[in-house]
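**Q** Pulled from TrEMBL, these are the listed features:
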type     : residues                                                                     : note
DOMAIN   : B:19-373                                                                     : domain 'tRNA-guanine(15) transglycosylase-like'
BINDING  : B:Asp98, B:Ser99, B:Gly100, B:Gly101, B:Phe102, B:Asp152, B:Gln196, B:Gly223 : substrate binding site
ACT_SITE : B:Asp98                                                                      : active site, proton acceptor
REGION   : B:254-260                                                                    : region 'RNA binding'
ACT_SITE : B:Asp273                                                                     : active site, nucleophile
REGION   : B:278-282                                                                    : region 'RNA binding'
BINDING  : B:Cys311, B:Cys313, B:Cys316, B:His341                                       : Zn(2+) binding site
Amino acid sequence: MRFIVTKAGYGSERIGNLTGFVKCPNVVIETPTSGLFTQGGSIVHLTADVLARVFTNPQILVMPLTNSIQLETGVKAQNEGVTKFAGLPEHVACVTVNNFSEIVPPGHFEPGKIPLWTKHGKRMTTADKYMDIMEIFRPDMFLAIADGCMSVNETPKRLSKAVDRTCKLLNTCVDRYKASKELKNSALVGVVVGAQNQKKCDECIENILKHVDCISGVALEGITDGTDLLKEDTNQYCDIFKKIGGALPKELFRILEGCWNPAMTLSAIEHGWDIFDGTYAVKLTNMGIALKLSFDVTKENETPYLLDMVDERYKEDFSPILEGCECLTCKKHTRAYIRHLLNTREMLASVLLSM
Amino acid sequence: MKNTPKALSFTVQSQCLKTRARTGLMKLPHYTVKTPVFMPVGTQGTMKGILPDQLEEIDCEIILGNTYHLGNRPGVDVLKKAGGLHKFMGWNRALLTDSGGFQMVSLLKLAEITEEGVKFRSPYDNSEIMLTPEKSIEIQNCIGADIIMQLDDVVQTTFQDYDRIKEATERTSRWLDRCISAHQRPTEQNIFPIVQGLLNADLRKQSAEEHMTKDVNGFAIGGLSGGEAKDDFWPMVSLSTGILDNNRPRYLMGVGLAVDLVVCVALGVDMFDCVFPTRTARFGCALINKGQLNLKQKIYESDLNPIDTDCLCETCKRYTRAYLHCIVSSETVACHLISVHNIYFQMRLMRTMRENIEKGTFPEFVKQFMNEVYPQKTFPSWVVNSLSSVGISLE
């Protein structure tokens, strides 16, 4: 897999291409982009058939191991990789560790092990075990396992330990990666943590850059534990996006996990972040909220961009969520219908909002 | 017969020479439906997470809505303003609504039935509501389905008291007259009467014969599939289809298991509905000819086959039993995938029956089907007896 910056902006923002996927050599995914968040290997609420009605081109599937580890036995038996097993072989998988659309419990560390909070409880996982699973999943790209789950206000001691642990875990991942035949078509992504502490963060980045010959991208963790970020809009985060973005070589693609609102996402794009994890859309859907952004810069957007579809006001509103939107939901269904589906707790509501 | 344009025309296309099975075309205002047909149930104006486009692609031609639920939410006003349920839910093919009476009795233990109607307390706001035949038709006129049901006096199928059953049967006939005269849109919607009489042959005969005298375009057979023994069930179906004439469609309410569908098509039924395929999907069960697979079971953990190797549905094309096993208890996607398969399974079974009736091979198909379901030839007595009543011998 390759990443090329095709156009750099006036600031740090950039347009890039992800290409050279072995299973789909002609595919070009343009960045900045948002991946589609998965649970158990499937796009949340959308079957492959329905997904094909929304996107005709391949998408990045963001697959946290915490909610997909149960696929291991089946993927291994089939031996054709995780996307094929999950019924989405034409798409590109990016395996991550944690699901940042939910709060991840803190703590529970043992030397050399990271807790994975799966639906069947906590599973302590070593870098070797993690790489074993990656060799079975054979994703198009995957994050190195890291100690990246903490809030932005962690103590210096915790940050320091997280960086040390993350560096060690990366070194094991790199050794395994270099020796692995199964992963020769998978891109390895290093993880930066400790952004709140200049010195420790530099250490972390330095360690990643040591392995730059086998690392294709970098993901930023350690600034959220999945706590609700929807209402936050603080400069603290923007400064981190800027600082880390500036410290990374331009040829590495950059992944930002977490449930960021559109303003925060734009700020991250401004500082050169390329790939987002899609949890924002999932979270809104599960809250019954529709996103209404027209992306038309010629029009001043005066109306709110989040519509709470359960609200009584949409009861007899027979207009689409967004006039002129080309998605199947907007083309065929009304606000009143979606409100009715939410009100009666019908599953189609989530399907329509996801689209 | 009045000289108004009809909202339904039914033409028999072919008739099995041995059994009562037939194929037909039922032309309705929104769609022409091929019978025998299975109608999936979309209670609240949606089919359990499946898009209307997907339903069309799996060949659903007519689906059900529940008047009781729709009348509460979104309510008559919203449906009226939306221009009917078809427009509200984005479904362009045919719709059928029930009368709302069945839910009263099944959901609400406190319902009180009088000559005027069914009195009950709303589970939404606890107010007292009276559902009369007129009210039921008024709501169904707003919903705008192609076929609407009369309000009937529902008694639990296994109920034994003759006087109460007789009262219910006769009241159902009186309510039919009230429904017909309350009906405001006879050129766009068809009222089907419901043959009652539970398991009493005389009352059922009386009910069917009385309905036959009415100016209606089709009939429903009700009061069955409520927990009665199968040996009691099939003679009532047979009795009803024997009386109801051949030129109008016959709808057996609440029946949807594969074996029941095959037997009842042989007995001359044209239309069926059942919540079973979508309900069982929500519990992780996928339908196959031999019964169902409970995908939650660990035996599927490494099973790389599709649910059914011969099935061409979107689920079987892409997904293995092993994958469905992994997500069946946690992801809504699993429920959607199994629902798609299960509805497709029902549609495929009906299509296969229609093809065999048309080719003149229906009796052979029935034998082959039963042998597949019961490979040890342990046919239940009711299957043997019902089929032998229409000239198919299994043994």
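Note that the numbers count up from 1, one per residue, in the order the chain is shown.
From the backbone N, Cα and C atoms, a Cβ is placed for every residue, glycine too.
Remember, it's a predicted structure, so these values are computed and weren't measured experimentally.
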**Q** What are the DSSP helix/strand/coil residue counts across the region 'RNA binding' (B:254-260)?
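**A** Here the numbers are 3 helix, 0 strand, 4 coil.
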**Q** For B:His341 (Zn(2+) binding site), what residues in its own chain, 6 or more apart in sequence, show a Cβ-Cβ distance under 8 Å?
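**A** When sequence neighbours closer than 6 are ignored, B:His341 (Zn(2+) binding site) has B:Ala281, B:Ala286, B:Leu287, B:Ile307, B:Asp308, B:Cys311, B:Cys313, B:Thr315, B:Cys316 within Cβ distance under 8 Å.
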**Q** How many of the residues that make up the region 'RNA binding' (B:278-282) does DSSP mark as helix, as strand and as coil?
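**A** Tallied per class, the region 'RNA binding' (B:278-282) gives 5 helix, 0 strand, 0 coil.
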**Q** Judged by the number of other CB atoms within 10 angstroms, which among B:Asp98, B:Asp152, B:Asp273 is the least packed of the recorded positions?
**A** B:Asp273
**Q** What does the structure give for the C-alpha distance between B:Gln196 (substrate binding site) and the residue listed as 'active site, nucleophile'? Integer Å is fine.
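**A** The separation of the Cα atoms works out to 17 Å.
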**Q** Does anything in the same chain, at least 6 positions from B:Ser99 (substrate binding site), have a Cβ under 8 Å from its Cβ, and if so what?
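**A** Residues satisfying the criterion: B:Thr67, B:Ser136, B:Gln140, B:Ile148, B:Met149, B:Gln150, B:Leu151, B:Asp152.
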**Q** Let's check the environment of B:Gly100 (substrate binding site): how many other CB atoms sit within 10 Å of its CB?
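**A** Neighbour count, Cβ to Cβ under the 10 Å cut-off: 22.
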**Q** How would DSSP class B:Asp98 (substrate binding site) in three states?
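**A** Where B:Asp98 (substrate binding site) sits, the three-state DSSP reduction gives coil.
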**Q** Beyond the listed site residues B:Cys311, B:Cys313, B:Cys316, B:His341, identify every same-chain residue whose Cβ lies within 8 Å of the center of their Cβ atoms for the Zn(2+) site.
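**A** Sorted by sequence, the hits are B:Pro306, B:Ile307, B:Asp308, B:Leu312, B:Glu314, B:Thr315, B:Lys317, B:Val340, B:Tyr344, B:Phe345.
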**Q** Calculate the distance in Å between the alpha carbons (Cα) of B:Gly223 (substrate binding site) and B:Asp273 (active site, nucleophile), and round it to a whole number.
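**A** Here the two Cα atoms are 14 Å apart.
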**Q** Which three-state DSSP class does the residue listed as 'active site, nucleophile' fall into?
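**A** Where the residue listed as 'active site, nucleophile' sits, the three-state DSSP reduction gives strand.
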**Q** Using a 10 Å cut-off, grab the number of neighbouring Cβ atoms around the Cβ of B:Phe102 (substrate binding site), all chains included.
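**A** Step by step: centre on the Cβ of B:Phe102 (substrate binding site), count other Cβ atoms within 10 Å, giving 22.
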**Q** Just give me the nearest neighbour of B:Asp273 (active site, nucleophile) among the binding-site residues B:Asp98, B:Gly100, B:Gly101, B:Phe102, Cα to Cα.
**A** B:Asp98
**Q** Just how spread out is the substrate site if you go by the largest Cα to Cα distance in Å among B:Asp98, B:Ser99, B:Gly100, B:Gly101, B:Phe102, B:Asp152, B:Gln196, B:Gly223?
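**A** Overall maximum Cα spacing for these binding residues reaches 16 Å.
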**Q** Relative to the Cβ of B:Gly101 (substrate binding site), which residues of the same chain, six or more apart in sequence, are found under 8 Å away?
**A** B:Val118, B:Leu131, B:Ser136, B:Leu151, B:Asp152, B:Asp153, B:Val154
**Q** Would you count the other C-beta atoms found within 10 angstroms of the C-beta of B:Gly223 (substrate binding site) for me?
**A** 33
**Q** Return the single residue from the binding-site residues list (B:Cys311, B:Cys313, B:Cys316) that has the minimum number of other CB atoms within 10 Å.
**A** B:Cys311
